[in-house]
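*Asks:* Mind looking over this structure? Questions follow.
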Amino acid sequence: MNCVKINPCCLKGDIKIPPSKSLGHRAIICAALSEEESTIENISYSKDIKATCIGMSKLGALIIEDAKDNSTLKIKKQKLVSKEKVYIDCSESGSTVRFLIPISLIEERNVVFDGQGKLSYRPLDSYFNIFDEKEIAYSHPEGKVLPLQIKGRLKAGMFNLPGNISSQFISGLMFSLPFLEGDSIINITTNLESVGYVDMTIDMLKKFGIEIENKAYKSFFIKGNQKCKGTKYKVEGDFSQAAFWLSAGILNGNINCKDLNISSLQGDKVILDILKKMGGAIDEKSFSSKKSHTHGIVIDASQCPDLVPILSVVAALSEGTTKIVNAARLRIKESDRLKAMATELNKLGAEVVELEDGLLIEGKEKLKGGEVESWNDHRIAMALGIAALRCEESVTINGSECVSKSYPQFWSDLKQLGGDVHEWSLGE
């Protein structure tokens, strides 16, 4: 286990935002479904992205790093598909397992999906219901969903999904249904949450020549027998990661974020609007933020659940009360993120009450500091690291290595901006 100790400090400077993990997954998958070669630039090798690359390779993709630039990949689908049983380790990546399950069923296959940590317990019921309806054989251990063995082939038709589940299930079907022999419809039975992630999937597929007809987010018509074309695509910066630095600037600094796209479809771009509503000094042209006096607001997290950990930190250091609502899905992420943030922020001296679907936070000028746990969750660790900037004493975070899931260089970037960061390992 690794630990970091962060002393209170002011951050200043420019930071190159890592490539979007969400867009990286989608670009790699689309390229791997095309028999024409694609070039995907600006890939960051987080654990989650590596899991998707390895998984798509197991399903028949040829993925080669550019000899001159290892952040560039050459990808295409190989025509021959192995009939042997395929084993795919998804590590702790929910995107990988939920995207690749339907993809593995485009052709007749026998596949075992496995994973680590909390991933073995994150729900897959939406797919199990489809398997039962479409007569696809599957099995998994009692009490958990992985390892999951699947045997069969997906058939085109009607697919009913509720809108209040992870959008990863909807995206997973969108990656597979265009390649089936008949037309399909995804019918959304309740109000769709995380719309931005669905938009990103549809847009990425379109870049590779696949058309999906969006009928006001109530249903999606998907014509069968489509083919992906090869293309060249550069992954833009990740707003969910930029959120940590924009928040850091507002709490105690002056930070400019580089490599972001103001026209991005990323749902987490809403961080700009939320921080401004809280009184944060945000320049949307330069993607910069500086120390500001912020105040509490009501935050509806239904469309931006990944922002809740860092927004709860900003709320804990803002005048007045902040209420975060519609965030129940955070209880089944890498950790129970509502419980994790309430528990760890309170250790630092914050006033956070855990609600059934959110958090109630009474802000303070400063927190005390102390020792906290990462819950083996990258977003919890990074949020607590930013909280340390406005504490009276140092903050020690146990299990800090978990940031490798999405942002391996987070602690070094914190140092680069002037953070007083000390890292050490306690061994296994």
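Using the three backbone atoms N, Cα and C, a Cβ is placed for every residue, glycine included.
The feature active site, proton acceptor is assigned by Swiss-Prot to D306, with sequence analysis given as support. Taken from Swiss-Prot, the feature 3-phosphoshikimate binding site covers K21, S22, R26, S166, S167, Q168, S194, D306, K333, and the record attributes it to sequence analysis. Look at Swiss-Prot and you will find K21, G94, R122, Q168, R337, R379, K405 tagged as phosphoenolpyruvate binding site, backed by sequence analysis.
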*Asks:* Using a 10 Å cut-off between Cα atoms, which of these binding-site residues sit near G94 (phosphoenolpyruvate binding site): K21, R26, S167, S194, K333?
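*Replies:* Checking each Cα against G94 (phosphoenolpyruvate binding site), the hits are K333.
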*Asks:* Just checking a number: largest C-alpha distance across K21, S22, R26, S166, S167, Q168, S194, D306, K333 for the 3-phosphoshikimate site, rounded to a whole Å.
*Replies:* 20
*Asks:* Spatially speaking, which of the recorded positions K21, S167, D306 is closest to R379 (phosphoenolpyruvate binding site)? Use C-alpha to C-alpha, please.
*Replies:* D306
*Asks:* In the three-state scheme derived from DSSP, which category covers K405 (phosphoenolpyruvate binding site)?
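*Replies:* For K405 (phosphoenolpyruvate binding site) - judged by DSSP and reduced to three states - the answer is helix.
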*Asks:* Quick check for the class: what is the C-alpha distance, in angstrom and rounded, between R26 (3-phosphoshikimate binding site) and Q168 (phosphoenolpyruvate binding site)?
*Replies:* 11
*Asks:* So how many other Cβ atoms are close to R26 (3-phosphoshikimate binding site), meaning within 10 Å of its Cβ?
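*Replies:* There are 28 of them.
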*Asks:* Check the Cα-Cα distances from R337 (phosphoenolpyruvate binding site) to the recorded positions K21, S167, S194, D306 and tell me which is shortest.
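*Replies:* Of all the candidates listed, D306 is nearest in space.
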*Asks:* May I ask which of the binding-site residues S167, S194, K333 is closest to R122 (phosphoenolpyruvate binding site) if we compare their C-alpha atoms?
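*Replies:* In terms of Cα distance, R122 (phosphoenolpyruvate binding site) lies closest to K333.
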*Asks:* Taking the Cβ of Q168 (phosphoenolpyruvate binding site) as the reference point, list residues of the same chain whose Cβ is under 8 angstroms away and which are at least six residues distant in sequence.
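*Replies:* Listed in sequence order, they are G94, S95, R98, F99, Y197.
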*Asks:* What is the interatomic distance between the Cα atoms of K333 (3-phosphoshikimate binding site) and D306 (active site, proton acceptor), given in whole Å?
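*Replies:* One finds 9 Å between the Cα atoms of these residues.
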*Asks:* Does DSSP give S194 (3-phosphoshikimate binding site) helix, strand or coil?
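*Replies:* SS state of S194 (3-phosphoshikimate binding site) = coil.
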*Asks:* Compare the C-alpha of K405 (phosphoenolpyruvate binding site) with the C-alpha of each of the binding-site residues K21, S167, S194, and give the closest one.
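*Replies:* For K405 (phosphoenolpyruvate binding site), the spatially nearest of the binding-site residues is K21.
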*Asks:* Hey, what's the Cβ neighbour count for S194 (3-phosphoshikimate binding site) at 10 Å?
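*Replies:* The Cβ of S194 (3-phosphoshikimate binding site) has 23 Cβ neighbours within 10 Å.
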